[in-house]
Amino acid sequence: MTAVHAGNINFKWDPKSLEIRTLAVERLLEPLVTQVTTLVNTNSKGPSNKKRGRSKKAHVLAASVEQATENFLDKGDKIAKESQFLKEELVAAVEDVRKQGDLMKSAAGEFADDPCSSVKRGNMVRAARALLSAVTRLLILADMADVYKLLVQLKVVEDGILKLRNAGNEQDLGIQYKALKPEVDKLNIMAAKRQQELKDVGHRDQMAAARGILQKNVPILYTASQACLQHPDVAAYKANRDLIYKQLQQAVNGISNAAQATTSDDASQHPGGSGGGELAYALNDFDKQIIVDPLSFSEERFRPSLEERLESIISGAALMADSSCTRDDRRERIVAECNAVRQALQDLLSEYMGNAGRKERSDALNSAIDKMTKKTRDLRRQLRKAVMDHVSDSFLETNVPLLVLIEAAKNGNEKEVKEYAQVFREHANKLIEVANLACSISNNEEGVKLVRMSASQLEALCPQVINAALALAAKPQSKLAQENMDLFKEQWEKQVRVLTDAVDDITSIDDFLAVSENHILEDVNKCVIALQEKDVDGLDRTAGAIRGRAARVIHVVTSEMDNYEPGVYTEKVLEATKLLSNTVMPRFTEQVEAAVEALSSDPAQPMDENEFIDASRLVYDGIRDIRKAVLMIRTPEELDDSDFETEDFDVRSRTSVQTEDDQLIAGQSARAIMAQLPQEQKAKIAEQVASFQEEKSKLDAEVSKWDDSGNDIIVLAKQMCMIMMEMTDFTRGKGPLKNTSDVISAAKKIAEAGSRMDKLGRTIADHCPDSACKQDLLAYLQRIALYCHQLNICSKVKAEVQNLGGELVVSGVDSAMSLIQAAKNLMNAVVQTVKASYVASTKYQKSQGMASLNLPAVSWKMKAPEKKPLVKREKQDETQTKIKRASQKKHVNPVQALSEFKAMDSI
């Protein structure tokens, strides 16, 4: 490796290296590699007994190689003449290509005259390899000349940054900044071009990050230097200027390293084979390792390896469980899942020992493998929920510590500023810690990179914000100090938003909503207790947390809906968020203010506790409704077992009384009572549910054909199916519906969806010219109306527990059976309606011509089939599947092609 120091430019280049680092060199080299390879492979079966003679094909190919070489020579001459850098090396490389081209021309001609000669073939292969090496070296040299040009511009910017930092007065500072700005812009354009051409994704990311830091921090360095010149006595300004200058130096080094495709100091900061989180990668890897061929199983080899891997995973899980933000119940669940995973591994190893030496895995072994993967999946889910506990708590009212710090600085209270600076620093560290926790359990490789980059920038910004506050505290009347503080405040808030969005991208909205719902429930109960205990501060603080959580839920859900095509689903979700933000939260805020005012007055004024409790309950209900609306399009397979927790949460205060008689029976929900049915009655219900599942599978098969974007009939069918599944789950003592009122509410939702489907169906029928199709569709729509009505009646399931002669008897089975039957009938009607709607739409299209292919809101497009590998992979590999953002085109690797020619030397 040689380093060229021209004008203090550290240019690293190994003249012997043939490593191709950019896509441009690959693209230019590819045609020549293809032509040479084709020529070399001509008649490659070796000597034959056929009549010797001239090969026209070989001559044609040799001529094309010669022409391609001439083209390279023309371009090489032009580059060598125009290049300001590495001129001598480029001229020498062009001459080498010319020399090797002549040798190749001679060897190819001889081979074309006698293509059956192995000696002449060997000579041509060696000449081809030498030619490709020479051309590759020429292209790499030309590429490095471009890099050298970029490094020269980088040096100009680096010197300009130093001059800006060391400016002796404000006039000089202004001149230096004015001169630096266009140079930075010029460098940014050159670096962006280089970034696009880099082959290595890591180098591209490094270049992008460094460019961003440079663009953002040059104006901030100007402001910081200006503040230093105006207030030389304030140490905080000097500290800030030095911090920003250090960041800019790192950015310059980052651009230099990325441009030359060399490793930077921080390249190995985040190991992990998958590029995702360490814990997620370890779990994915463990899931792969547990699949072993019984023939090759050896306890001495596999047991220590698997146990060691698992203990490493459990150590990571334990760290998360012991973190301060992890709830006690979540900690207990993580510990329980860790123990369950340990036990499942021991059971699996025992089964492997029993199957050792066999060709096929036994059913018991397959069952143990399934159990093992289920347990690791359960552990994953609890870890995700633990991370969401942290995210929900930490990314809440993120600007409060900053505002408190700035307020203290404006008052000129340096002692308070130092105290609040510590709080602010802890808050920043918590955000960074939680962001890294979220990364550890995520498989989203690109998302994890973005989170870590954002967290790193936030970490660098934290001391700068504190220094700006200390400077403002020293000169609270200074306009420059206030502007400087505003600048850093804006930068901090922007960076926190970027980090928040990045964390949201790598976490599941389903997990976020489940955890937020539980946290709001906790806070609502705390609010009610604070009200009863007349704790004004506690009430105000907890109510603020509720408002913050609700606002965050609304923001996250609204952002998520931007990813969907507008339709029935998005309307329902946005309707629920609008209800919470426009109606529920204002009422809750009003009640909180009234309560705080009543409790703060002397003497304390009486207030309506029930009104406050109702307003609090509505907040929880609003969050739950949003969550249910978001989950509406999820299939049962996509829903976690814990998406609807089995506990019966009571939002009301401990002293409040339930008024709905049918809601709680002897302290139990109706759903819990249904779960206590005798086995005989459960078997009857199971039989009905199995019949219902058959109809559901028919509906799944029908709707899975169609793309639901722009087709509200398919969206409504999925919604109705989901609600009916919840209702049938209720009859088995499972699912999200707990009480009769929940089932009635679900039936009303189905009726609403049915009426919307009826309206859409009738629109299609009105435009259908075929009377038979029209009559069929209208008949099925009438069935939907009928079965919706039946379902509404059957939804009033009265589950009761009676004590007859000392024996507990659970009633309500007949109602449950009727409910399932009505749901089954409705499901069948929906299937037939979807089919009839499609048929009627096609008749309409044929009669109206291509101009009106689709009716408004009903677009019948076949769903694109899922991409599947040609070779079936193991299920465990599916966790590692990545979605590529662009199609991958296979490029010929010239260096690989060269190495392959070496094998031909022996021919």
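Glycine is treated like the rest: Cβ placed from N, Cα and C.
Annotated compositional bias 'Basic and acidic residues' per Swiss-Prot: 865-881, in sequence order.
What Swiss-Prot records for Lys57 (among others) is SUMO2 cross-link.
Annotation source Swiss-Prot lists SUMO2 cross-link at Lys798 (among others).
Residues annotated as N-acetylthreonine in Swiss-Prot: Thr2.
Residues or ranges marked as phosphoserine in Swiss-Prot: Ser264 (among others).
According to Swiss-Prot, the phosphoserine annotation covers Ser268 (among others), on the basis of similarity to another entry.
Marked as phosphoserine by Swiss-Prot on the basis of similarity to another entry: Ser296 (among others). Remark: Ser296 (phosphoserine) has no non-local neighbours by Cβ distance under 8 Å and separation of at least 6 in sequence. Reduced to three states, the DSSP call for Ser296 (phosphoserine) is helix.
The number of other CB atoms found within 10 A of the CB of Ser298 (phosphoserine), across every protein chain shown, is 11. Sequence annotations record features per position, and here Swiss-Prot assigns phosphoserine to Ser298 (among others) based on similarity to another entry.
Under the heading phosphothreonine, Swiss-Prot lists Thr635 (among others), citing similarity to another entry as support. For Thr635 (phosphothreonine), applying a Cβ distance below 8 Å and a minimum sequence separation of six or more within one chain yields Asp700.
What Swiss-Prot records for Ser642 (among others) is phosphoserine.
Among the features that Swiss-Prot reports, phosphothreonine is placed at Thr646 (among others).
The phosphoserine feature in Swiss-Prot is assigned to Ser653 (among others); the stated evidence is similarity to another entry.
Positions annotated as phosphoserine by Swiss-Prot: Ser656 (among others).
Taken from Swiss-Prot, the feature phosphothreonine covers Thr659 (among others), and the record attributes it to similarity to another entry.
Summarising the annotation, Swiss-Prot assigns phosphoserine to Ser852 (among others) and lists similarity to another entry as the type of evidence.
Marked as region 'Involved in homodimerization' by Swiss-Prot: 2-228.
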On the 0 to 100 scale, where does the mean pLDDT of the region 'Interaction with alpha-actinin' (326-395) fall?
89
Helix, strand and coil totals (DSSP H, G, I; E, B; other) for the region 'Interaction with alpha-actinin' (326-395):
60 helix, 0 strand, 10 coil
With DSSP as the reference, give the number of residues of the region 'Interaction with JUP and CTNNB1' (97-148) in helix, strand and coil.
48 helix, 0 strand, 4 coil
